[in-house]
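Just below is one structure, and these are the notes that go with it.
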Amino acid sequence: MNKYNVIGGFGISMGYTLLYLSLIVIIPLSTVLLSAMSMSWGDFLATVLDRRALLSYKVTILASLTAAFVNLIIGFIMAWVLTRYEFWGKSIINAAVDLPFALPTAVAGITLTALYAESGWIGSILAKFGIKVIFTQTGIALALIFITFPFVVRTVQPALEELESELEEAAASLGASRIQTLTKVIFPIIAPSLITGFALAFARGLGEYGSVIFISGNMPFKTEITPLLIITKLEQFNYAAANALALMTLLTAFTVLFLLGVLKKFIRREQ
Amino acid sequence: MRKLLKPFLTIAVLFALPLTLLAKDITLLNVSYDPTRELYEEFNKAFAVYWKAKTGDNVTIKQSHGGSGKQARSVIDGLEVDVVTLALAYDIDAIHDNGNLLPADWQKRFKSNSSPYTSTIVFLVRKDNPKGIKDWNDLIKPGVAVITPNPKTSGGARWNYLAAWAYALEHKQNPQEFVKALYKNVPVLDSGARGATTTFVERGIGDVFLSWENEAFLVLNELGKDKFEIVVPSLSILAEPPVAVVDKVVDKRGTRDVATAYLNYLYTVDGQRIAAQNYYRPRDKKALDAYGKFFVKTKLVTVDKTFGGWRKAQKTHFDDGGTFDQIYGK
């Protein structure tokens, strides 16, 4: 490795990276695995394959996917506007994008619930059309869209900034239509960042607790998310079962992050 | 010079030592649940004055509040707590079961089941009671929306559930069917009591809110008697929030005497008065008559008599696969 870099020190920096990653991420997460392993195999399966648990995965994964998809589209448009155009108030919008990260998630949950309740500003309008948001899966997705909003914008923005508009102009001068420029020139280049943003948003959505419990109504089998089920197990002092469910969440997130990582590599090789 | 300094130091130490022994600075940590914050702020001041007068020591009591189960878990996980004052005996049982920090018979160590004050579950309804809710059987009528938190994550919600169950038993109805019908009318299961209060009070959702009596009085005082009313059902449950000294910690820190005195002080006239003024029903009859005129008398069943104690109640009703899960099952 050393010969590829004018500054050496691979050994020491790699050692440091591994030590730090172990202390901060891997060791804490492996205790989840260890605690889950204190159960017998049968108990573990009974816990993670329980009907209530299965339905909670469904709710959690569906809402996280929906939120990630919505943010993929809106986030791309937003990043495009912020990098390609100059307009008044741009820096304000740019700063506002990150605000969901700064807000305690419970505050987000309470605020959204207040807005979308039938007595709230938006909820009262939606109610006229018979649309119910709070205490439904739509509400959960909404909370997750809010929480994970900055991910796609912030990962796509640098890629778009690097992509010089000369490339688009060249494509246009060679006779490409606008759609062709978009699909043949722009998307292949920013696809890896889009995927990264999507993956981060999805993984973050899986673990979100604070904002969701306020807006979801927590009805068993209907709007119960996996993190709530984990807390429920903890309330019964059932640490092993809680960690078994946590392990499932971790595995789901890891699988998705891993697969999307492979996809990203594949796209890069294609180019 | 050295030789001169030595006796001087000895004298200084000899003088300083008894002085520090005379007026010790003691800190205690009381880990409690959410709605007792105001109660203990007042009580801690009163106890500090009492202890100073009795022993000359300065005692500072630190408070920690949160969900009762969560608080119990911090104690199990090693938070150094001298006394716990939680919402349910079950949570203190868990401290015995999972950490062995106090003996199994902890509840026998203080008077009245180690519960110096009690509370009960009442209904909070909107002003003028538009749905005419008087008793538990009104809660299972179609079109009535009931707000109560999730018994799996909220200690208070377990009292609500058991109170409804006890009412059905008393009226010779199938309790499980009754409670199932009641939960059919529950549109949202908040994870904690304060969240459920918000849903009912701020969000305007639901017709009736099953609430701790002291919480209901707080809502009335803080948000206005022009918006809500308290309805006391014909039967409810005697909620006994228990207190205990955490043996392992007080022995390590040498605070057993003061911690025990602290909890005993809850049973004195002073302690009982403070409890009543914070809307907890005092155990002492005299204090109840003197300071608790606003408490409506109603029939109160106990967990021990009706449900065979908290361990049994927890196992039958709230553990995985219990009656609460069956309600939402197929």
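From the backbone N, Cα and C atoms, a Cβ is placed for every residue, glycine too.
Positions annotated as domain 'ABC transmembrane type-1' by TrEMBL: A:57-260.
The list of residues near the transmembrane segment (A:18-41) in space but at least 6 beyond its ends in sequence, with Cβ under 8 angstroms from a Cβ of it, reads 47, 239-241, 243-244, 246-247, 250. Taken from TrEMBL, the feature transmembrane segment applies to A:18-41 (among others).
Summarising the annotation, TrEMBL assigns transmembrane segment to A:61-83 (among others). Here the transmembrane segment (A:61-83) has Cβ contacts under 8 Å with residues 90, 93-94, 97, 137, 140-141, 144-145, 147-149, 151-153, 156-157, 160-161, 194, 197-199, 201-203, 205-206, 212, 225, 252 of the same chain, all six or more residues outside its ends.
The transmembrane segment feature in TrEMBL is assigned to A:95-117 (among others). Residues 78, 82, 123, 126, 133-134, 139, 142-143, 146-150, 153-154, 208-215 of the same chain lie 6 or more positions beyond the ends of the transmembrane segment (A:95-117) yet place their CB under 8 Å from a CB of it.
Annotated transmembrane segment per TrEMBL: A:129-153 (among others), in sequence order.
Sequence-distant contacts of the transmembrane segment (A:185-203) (same chain, at least 6 residues past either end, Cβ-Cβ under 8 Å): 64-65, 67-69, 71-72, 75-76, 148, 151-156, 158-160, 163, 167-168, 171, 176, 253, 256-257, 260-261, 263-264, 267-268, 270-271. Feature annotation from TrEMBL assigns transmembrane segment to A:185-203 (among others).
What TrEMBL records for A:239-263 (among others) is transmembrane segment.
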